[in-house]
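A.B. asks: For reference, TrEMBL lists these features for the protein:
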BINDING   H100, H102, H146  Mn(2+) binding site
BINDING   H102  oxalate binding site
DISULFID  C24-C39  disulfide bond
DOMAIN    53-198  domain 'Cupin type-1'
SIGNAL    1-17  signal peptide
Amino acid sequence: MIPTIFFIFSLLSLSHASLVVDFCVADYTAPNGPTGYSCKSPKDVTVDDFVFHGLNTSGTLNIFNSSVSLAFDSQFPGLNGLGITIGRLDFGVGGVIPLHTHPRASQQIVVIEGTILAGFVSTENVAYIKTLNKGDVMVFPQGLLHFQINVGDSNALAFVALGSSNPGIQTLDLALFKSDISTSIITATTLLDAAIVNKLKGVFGGSGLNYVVDHESVRNLEY
């Protein structure tokens with residue numbers, strides 16, 4: 001019980017918002033701007049705007065044998081402007097949340113069930129990795145690549161909190177192999193073999209397999 005209470009208070013403390021009103025429930029009928037959604041008229045706000053049911057159950061396991069369910073401001077209107085997000089991570093045996101980053105927020109994780117190997121890599125290329133058990137909490141600083149792996153012999157469950165109502169997420173595998181960046185560019189910038197890149201693009205549904213980089217043009221680029 002104590003870790004759960006700690007997690008809730010930590011979630012609240014992640015917020016850096018300084019609202020001049022009590023709240024700003026997202027108005028989905030208006031465009032989303034750089035600072036979030038416009039505020040719904042207070043007369044249209046109900047208690048349901050502040051309640052989210054999307055983390056009650058596990059999502060469908062993906063290719064990594066894991067599931068990520070997130071409550072961003074685009075799904076949970078009451079979060080708009082509050083500077084917080086919560087999410088649920090489910091892992092099958094051996095399940096992985098691959099290397100990814102949140103460009104606009106730091107993150108905390110609390111393990112509810114199972115044993116999870118978690119870590120991040122600093123800009124000095126130092127890896128900070130720890131095995132987490134039930135009730136353990138770890139923090140991942142904003143913008144740094146991080147991951148989680150279920151290293152136990154049963155399913156694992158964790159909840160995460162992030163310090164933004166729209167923290168953003170970019171997964172390294174998807175950025176490379178689900179995008180339209182060409183195989184030749186990936187091989188040039190990662191030293192991976194083209195056959196491996198094309199195979200992974202096939203797995204993740206990426207394109208750009210046949211585009212060839214003009215290496216003379218690359219050498220002449222101004223940085």
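Each residue, glycine too, has its Cβ placed from N, Cα and C.
Predicted automatically and left uncurated, TrEMBL annotations should be read as such.
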A.B. asks: Which one of the disulfide-bonded residues (C24, C39) has its C-beta surrounded by the most other C-beta atoms within 10 angstroms?
C.D. replies: C24
A.B. asks: Give the residue from the binding-site residues H100, H146 that has the most other Cβ atoms within 10 Å of its Cβ, counting over every protein chain displayed.
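C.D. replies: Output for this query is H146.
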A.B. asks: Determine which residues of this chain, when H100, H102, H146 are set aside, have a Cβ within 8 Å of the centroid of the Mn(2+) site's Cβ atoms, and list them as they appear in the sequence.
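C.D. replies: Neighbours found: L99, T101, Q107, F120, F140, L144, L145, F147, I169, Q170, T171.
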A.B. asks: If you average pLDDT over the domain 'Cupin type-1' (53-198), what do you get?
C.D. replies: 96
A.B. asks: Find the one among the binding-site residues H100, H102, H146 whose C-alpha lies closest to that of C39 (disulfide bond).
C.D. replies: H102
A.B. asks: Out of H100, H102, H146, which of these binding-site residues is nearest C24 (disulfide bond) by C-alpha distance?
C.D. replies: H102
A.B. asks: In sequence order, what residues of the same chain, 6+ apart, have a Cβ less than 8 Å from the Cβ of H102 (Mn(2+) binding site)?
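C.D. replies: Listed in sequence order, they are F140, Q142, G143, L162, S164, P167, G168, I169.
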A.B. asks: Helix, strand, coil: count each for the residues of the domain 'Cupin type-1' (53-198), based on DSSP.
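C.D. replies: Tallying H, G and I as helix, E and B as strand, the rest coil: 22 helix, 56 strand, 68 coil.
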